[in-house]
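Pasting the relevant annotations from Swiss-Prot:
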- 14, 63, 442, 443: Mn(2+) 2 binding site (BINDING)
- 63: active site (ACT_SITE)
- 124, 154, 155, 186, 192, 259, 260, 261, 262, 334: substrate binding site (BINDING)
- 401, 405, 460: Mn(2+) 1 binding site (BINDING)
């Protein structure tokens with residue numbers, strides 16, 4: 001078992017951002033003597049949103065992503081960001097599974113199909129990803145490429161499909177590569193409620209060309225004719241543009257939607273045995289290979305271009321590897337965050353990791369009991385601090401976030417004050433039992449309770465969050481050389497204070513120096 005230089009108590013406040021705007025700021029306007037003292041004593045604001053935490057640029061942080069980054073000690077990129085970076089950096093051509101698909105096609109029948117939702121809605125897919133895949137497959141010298149266009153009209157205007165089709169036609173013509181083979185609405189291609197009769201319409205079209213036959217030069221007029229009859233993008237019945245572009249024995253199919261829920265049924269029918277449920281008269285092609293953009297379901301047998309990343313040696317695992325004991329505590333609303341998410345997105349409880357769940361109050365909305373169970377969480381933490389059994393203990397305080405979401409400003413002020421009182425009690429116990437108290441937050445919320453139009457603001461924010469350290473043996477750096485400080489730096493900083501080495505997998509940096 002490793003020896004530690006200092007024992008650490010980490011508090012993660014949910015929804016506590018930093019803002020100088022006083023209007024509607026439940027944090028600035030609340031009485032928070034403890035956090036005021038800790039921030040004045042030794043602290044540095046850190047980033048908790050957007051690319052800093054692996055989310056798309058400019059997107060506000062959330063509790064799941066926040067705790068994942070805090071516990072992992074690295075930026076954990078979401079699937080969409082990993083894909084966007086590959087597209088932006090033109091590295092799709094180096095993707096292992098895409099190269100394998102290309103090799104399979106070249107050695108086999110020479111054919112690959114790209115299937116997915118073609119729009120810029122950005123909820124399930126993005127047309128830019130399709131363009132990047134076409135370019136990459138051309139570079140990989142796949143002889144024949146067929147594209148199956150699923151119409152959107154839900155995350156985009158109901159009649160915007162002709163515009164996206166024109167963009168695709170122009171791109172294919174410019175590249176002189178690829179052939180658009182099928183057009184079908186997402187109503188048939190992307191069902192998620194086991195309405196197999198809908199999926200069958202898409203299935204029969206992809207394999208057997210069941211649908212209205214036309215040519216690519218007439219496709220836009222055909223769709224406009226459908227619009228005139230109130231058949232919009234989502235509900236487009238199959239339009240077949242190429243007999244050669246049907247899915248055949250030995251073909252490779254790549255589905256390019258990154259969101260899983262509406263890809264499961266169609267991919268399971270094309271790539272596994274589920275097609276039998278469709279009761280289709282069409283003969284299922286032999287030896288087809290299906291590939292997803294992401295993992296659509298853990299049980300599916302086919303690969304993904306961007307499989308889930310496993311996060312080895314997150315803080316909790318590393319402490320366990322070093323033979324140290326730890327304690328994680330939260331009330332019901334945030335229990336998953338201090339366990340599953342903090343531990344790198346795994347259910348597993350590591351060796352010598354103790355957990356404690358404090359029940360959240362049973363009220364209709366938390367503005368009715370703004371302190372929530374903050375006192376109960378503090379009680380459990382103080383018990384552990386007095387035991388001095390663990391090298392590392394951590395907890396989450398839910399009130400600023402959960403009450404912030406109600407939009408009730410006065411209640412949010414009370415939530416913030418209750419949280420400050422709870423942290424104060426923990427701080428006293430830390431001093432008594434020789435623990436270093438470190439406080440941070442997963443994202444902002446309660447500092448913005450009023451929207452620009454004067455209405456309630458109930459969402460998270462993109463504001464910085466505090467990161468404090470109660471020991472003056474450690475001083476925060478002014479800045480990092482190459483980037484802003486962010487949540488990924490919390491775990492490495494905790495390890496620095498504990499006096500432990502960092503695992504190689506942690507790419508975050510300790511942001512304190514010993515003085």
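Any Cβ shown, glycine's included, is placed from N, Cα and C.
Structural setting of the listed features?
Counting every protein chain shown, the number of other Cβ atoms lying within 10 Å of the Cβ of residue 443 (Mn(2+) 2 binding site) is 26.
All protein chains considered, the CB of residue 63 (Mn(2+) 2 binding site) has 23 other CB atoms within 10 Å.
Taking Cβ-Cβ distances under 8 Å and a sequence gap of 6 or more within the same chain, the neighbours of residue 262 (substrate binding site) are 124, 186, 190, 191, 192.
In the three-state DSSP scheme, residue 401 (Mn(2+) 1 binding site) is classed as helix.
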What does the structure give for the C-alpha distance between residue 405 (Mn(2+) 1 binding site) and residue 14 (Mn(2+) 2 binding site)? Integer Å is fine.
11
What's the CA to CA span in angstrom from residue 442 (Mn(2+) 2 binding site) over to residue 260 (substrate binding site)?
26
Residues other than 401, 405, 460 within 8 Å, Cβ to Cβ centroid, of the Mn(2+) 1 site?
14, 15, 63, 400, 402, 404, 443, 445, 446, 458, 459
Tell me, in order along the sequence, which binding-site residues from 155, 260, 401 have their CA within 10 Å of residue 63 (Mn(2+) 2 binding site).
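So far as Cα distances go, the binding-site residues lying within 10 Å of residue 63 (Mn(2+) 2 binding site) are 401.
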I'd like the Cβ neighbour count for residue 460 (Mn(2+) 1 binding site), meaning other Cβ atoms within 10 Å of its Cβ, all protein chains included.
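Other Cβ atoms found within 10 Å: 25.
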Looking at the binding-site residues 124, 192, which sits with the largest number of other Cβ atoms within 10 Å of its Cβ?
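Going through 124, 192 one by one, the largest Cβ count within 10 Å is at 124.
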Given the binding-site residues 14, 155, 260, 443, state which is nearest to residue 460 (Mn(2+) 1 binding site) when distance is taken between Cα atoms.
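Given the candidates 14, 155, 260, 443, the nearest one is 443.
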So among the binding-site residues 155, 401, 442, who's got the most Cβ atoms within 10 Å?
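It comes out as 442.
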